[in-house]
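Chemist: Handing you this structure, nothing more for now.
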Amino acid sequence: MDAFIDLEDPSDWPRGFEHLRELEKLLRCPVCKEYLETPMVVSGCGHTFCSLCVRRCIAQETKCPSCRAQTAEGDLYPNRLIESIMREFRNGRLQLLSAIHAAAKSDSLNNPRKKQRVSQGSLQKDAQSVASTLSADTACSGSNNESANSGVVDLSSSDIEKIADTAMAEEDNDSDSDFVANAQRKRPRENLTTCTSEKIAKDEETSSNSVSCPNCRTNIRSNRINWHLDRCLAGLPCENTPAAVVSVSSTKSQPTAAKLQLLPPRAAQFALPRPTKLAYSLLSESKLRRTLRELGIPSKGDKHQMQMRHTEWVNIFMANADSETPVSHRVLLRRLSAWEDALSRQSETVKAVALSTPEDIAQHASKYADSFAELVAQAGSSRSRPSFK
Amino acid sequence: MASTLRTKRLLRELLLIKKSTCKNVTLESADTIDKWIVKLRGVEGTMYADEEYSLLFEFPAEYPLESPIVTFTGTTPIHPHIYSNGHICLSILYMHWCPVLTVDAICQSILSMLSGCEKKVRPERDDVYVKTAKPSPKDTIWIFDGK
């Protein structure tokens, strides 16, 4: 429930900040409406989506989700600039929103008449000054954070809460979902130091100037990569050589216990084969099952289930490969099983709605007995008539 | 398919429609996440000004990759593209659906369809269609004219 209240949205931007609202809209994927994750641009029409979203759409129908132009997976190219712009925007978002709200508050307090015409220019000037003081003061304190979120939603209505509760129950526990990230914002101070494993991995990578070995995917300091590659390709042990592996303590930021724990120690050794798209109609069930087993993903269920699982796996895998900061294949496997859990829960709820109890059916039948009789009579009379054509 | 994508997106859209300041589109009820009723109010200065209609949205498991089932419930507006059983002849609901479209976009399309109407009549062979149509308008094979 908390996560739902904290849902970030372009409509958080107050009146007078339409440009920022538009900017945020542009930095969100048109399909999932979340921030673009590994943005991919469709060559030809130039529309941009999350890698996973556009891959899912194309798996369903080979068309651009925006303009329906013919599109294949080969037409997708990563758009790194947008990714960086979005990252910076997200980093500054809360800060700017807090500043705007603080400025608007002080503005109305100092000069009540001015409240009527809170112009963009004056607010932005105030925002800048407040932003500078804010950044000095641990970016955002609890009260500022709340004021930023106070404008977000009025969720007092109970019906929406009810829906959110049931929906959230259906939601999977994917550790890096936006909702979790948003829920963490409740504790702003902690949020500044603890974040998702992916982000940490990224921080590690950028701050310590390391590169990923193309062979074993271990993070290696760039000046050691040649030495490592020679040994790695020759099949010599090189994983745990202290000098080769990036030492966590060498990072600029303070190393925390959480960081050390979150780094998967054996992730590098665990690599699954790259899946390819399959023509399912040409494969027998047993052959598909064998393929799934070879790919290292669950091979249970009937052909349809395996087919769905394989399609999703290809999408997840390829989207991860597109990413600047790919996660380990173990994490991908967890996401696949979370996706499947959510899917089965969803179909269960649909079934539960469709199959009512016998009492319900009896009640319904008695309630509409007259209407049914009428309909039967109508059907009888229309049958005796010649066809209306 | 993508159920978390669906849930997240529907929650966001629900939030937006709740917050929306548009007088012509309001949420009537959403008892579950997959079934909403949205109230449409005819635009001022058009043939449907001040008339209110209820739109039923049903979201399939594959939403937003697949289009929602959208029909009028209760009284249906008299319009050349709206059948008396509530089925709507609108290409974006069927073959021209694309995942970037939203509930709000659909409502706006239907409103503009109503606003552009010049004569309040039922579609041709409305009675035939209503008698033969399957419950879901997505099972009908639509032929769209224009464009």
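Cβ from N, Cα, C; glycine included.
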Chemist: Which stretch, out of A:167-194, A:279-306, is listed as region 'Disordered' by TrEMBL?
Modeler: A:167-194
Chemist: Residues of the same chain, at least six outside the domain 'RING-type' (A:29-68), with any C-beta under 8 angstroms of its C-beta?
Modeler: 75-79, 82-83, 86, 90, 178, 311-312, 314-316, 318-319, 322-324
Chemist: In the domain 'RING-type' (A:29-68), how many residues does DSSP assign to helix, to strand and to coil?
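Modeler: The breakdown for the domain 'RING-type' (A:29-68) reads 10 helix, 9 strand, 21 coil.
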